[in-house]
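Visitor: Let me begin by handing over the structure; questions about it come next.
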Ligand code: ASP
């Protein structure tokens, strides 16, 4: 096993050296070979984009006990510096540096982490020293963070959220290639002005539309109804479409002076559900409730009664759908009942938008406008 490891390391090193240092032109008559090579290297480095990697944890930084284990690994074992060192090929496409924002599984990402991340990205991207940002993240809630950044980042510069389905120790780990591609995308001209992007498995998704659709498959991130924005193929970035929904520089949401986000909870609609769920949410401090309604966002009679009671206690109600696809129809009855509908946002993304909306208003009509535009 050790010999095998040595052979693989030597092969990787050889590959790395070839990849990072492509053919250097012969020395000119005016200088020595090493001077010429040095000048070439300086010119090349000067042209490379500066990409900052902000690490938050997840499987991409996970380590398992064996190289065949793709579940049951420990998250948070690898730091951003180790992630960067593991993909030396990135040096040929960007000047990469890293910061550790968190090191947790993505179900443990909190509103505080979101605010810290969004604020840090805004500071970084306002500097001419940073051309793009990559966020490494667990895949379970990756779409929530990506959509949050899509709404609060105040820059046209690329923000790419990336993860991996297999831990770094697995055979065929997908993290290194995903990270390499994410850095390439974050440093590119093509990705500017497209909002926060999600990159896994060569596909480029818009934070607004992409969602995790499978528990373990590498091909889990899909934009079910709306398609991907593009892909990276043959080492080239291809964009085919873009989101028409407001984001980044066109977004009204500003977190600069926000120190916390209002509590919004998600309640799932199902047979035999009860009013008590709504009461519990409001009693625990919910200022908004997103309902993962059945079908076209429908509620049971008890759900309706619970929602009404929650409204009377001051919470804003958003009807979303548990189906995983489609737009929730907004009817005159919604206006009468002061229900907001989530458009095509799934419940977890509707929660993100509702938190940001509630930070400035609790008027359902104004909040509905946000859902129609973002
Ligand atoms: N449970 C992990 C997380 O979301 C899964 C992953 O990263 O893919 O942090």
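From the backbone N, Cα and C atoms, a Cβ is placed for every residue, glycine too.
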Visitor: Please state which member of 92, 97, 106 TrEMBL lists alongside 139, 140 for binding substrate.
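Guide: The candidate from 92, 97, 106 that TrEMBL ties to substrate along with 139, 140 is 106.
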Visitor: Within the chain of residue 140 (substrate binding site), which residues six or more apart in sequence place their C-beta under 8 angstroms from its C-beta?
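Guide: Listed in sequence order: 58, 105, 106, 107, 212.
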Visitor: Whole-number answer please: how many Å between the C-alpha atoms of residue 59 (active site, O-isoaspartyl threonine intermediate) and residue 139 (substrate binding site)?
Guide: 8
Visitor: Identify all same-chain residues not among 106, 139, 140 whose C-beta atom falls within 8 angstroms of the centroid of the substrate site's C-beta atoms; report them in sequence order.
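Guide: The surrounding set, listed in chain order, is 58, 59, 105, 107, 137, 138, 141, 142, 163, 212.
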Visitor: Please list the DSSP helix, strand and coil residue counts for the domain 'Asparaginase/glutaminase C-terminal' (263-371).
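Guide: Reading the DSSP string over the domain 'Asparaginase/glutaminase C-terminal' (263-371) gives 46 helix, 21 strand, 42 coil.
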Visitor: Need the DSSP three-state call for residue 139 (substrate binding site) to compare against my parser.
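Guide: The three-state answer is coil.
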